[in-house]
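Engineer: Sharing a structure with you now.
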């Protein structure tokens, strides 16, 4: 965001299910400790009748997309400390993404929170980007668990990027989106996932942004 807008911080986290009261309590404690402005969650595993369980004091604006079963599920939580006004919400009926457009202190912002399925993740992400290409404007943040590396640096193995991921990266470039982590950490690994089956690490959680010069203070891992 530019200088006319107060500083905001955005975090993303795969919670791997929030049906347990203990996990919800841990999430609330983590949010209070981290103290972000906006929090994007993936894999809430909450269905419609259970959405009320996701609540955090001081966070009255909670936008959720869910499916018919206790799987997937994404949510965007916005702190009461900012003046956010909603303009548009688009939800995936299977709970794999949610798009939220609004304003923060009269400045437009678009947030897309994604949880990609394990199979065909790169193609799924590409399809979402193309689906919402007309909604991706100068202050758009796209984040979440993409379930796929975007760069060879995102893998501990020497495996090359497949055709689908290469095509996804072409789409990302064509939409003028930037992998924020790679701007501030061009040579760091920043792995976010360990596969016990393959004994390998990878970075599958990403943040893309159009308008990256206004982003700063990206953390190191």
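Cβ atoms are placed via backbone N, Cα and C, with glycine included.
What TrEMBL says about a protein is an automatic prediction, not a curated fact.
As annotated by TrEMBL, Mg(2+) binding site applies to 14, 43, 145, 147. Residues annotated as domain 'Endonuclease/exonuclease/phosphatase' in TrEMBL: 11-213. If you look up TrEMBL, you'll see 147 marked as site 'Transition state stabilizer'.
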Engineer: Please work out which residue of 43, 145 has the most C-beta neighbours within 10 angstroms of its C-beta, and give that one of the binding-site residues.
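Structural biologist: That would be 145, with the most Cβ atoms nearby.
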Engineer: Identify all same-chain residues not among 14, 43, 145, 147 whose C-beta atom falls within 8 angstroms of the centroid of the Mg(2+) site's C-beta atoms; report them in sequence order.
Structural biologist: 16, 42, 115, 116, 144, 204, 205
Engineer: Out of 14, 147, which of the binding-site residues is least crowded by other Cβ atoms within 10 Å?
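Structural biologist: Relative to the other binding-site residues in 14, 147, 14 has the fewest Cβ atoms within 10 Å.
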Engineer: According to DSSP, folded down to helix, strand and coil, what is residue 147 (Mg(2+) binding site)?
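Structural biologist: Its secondary structure by DSSP: coil.
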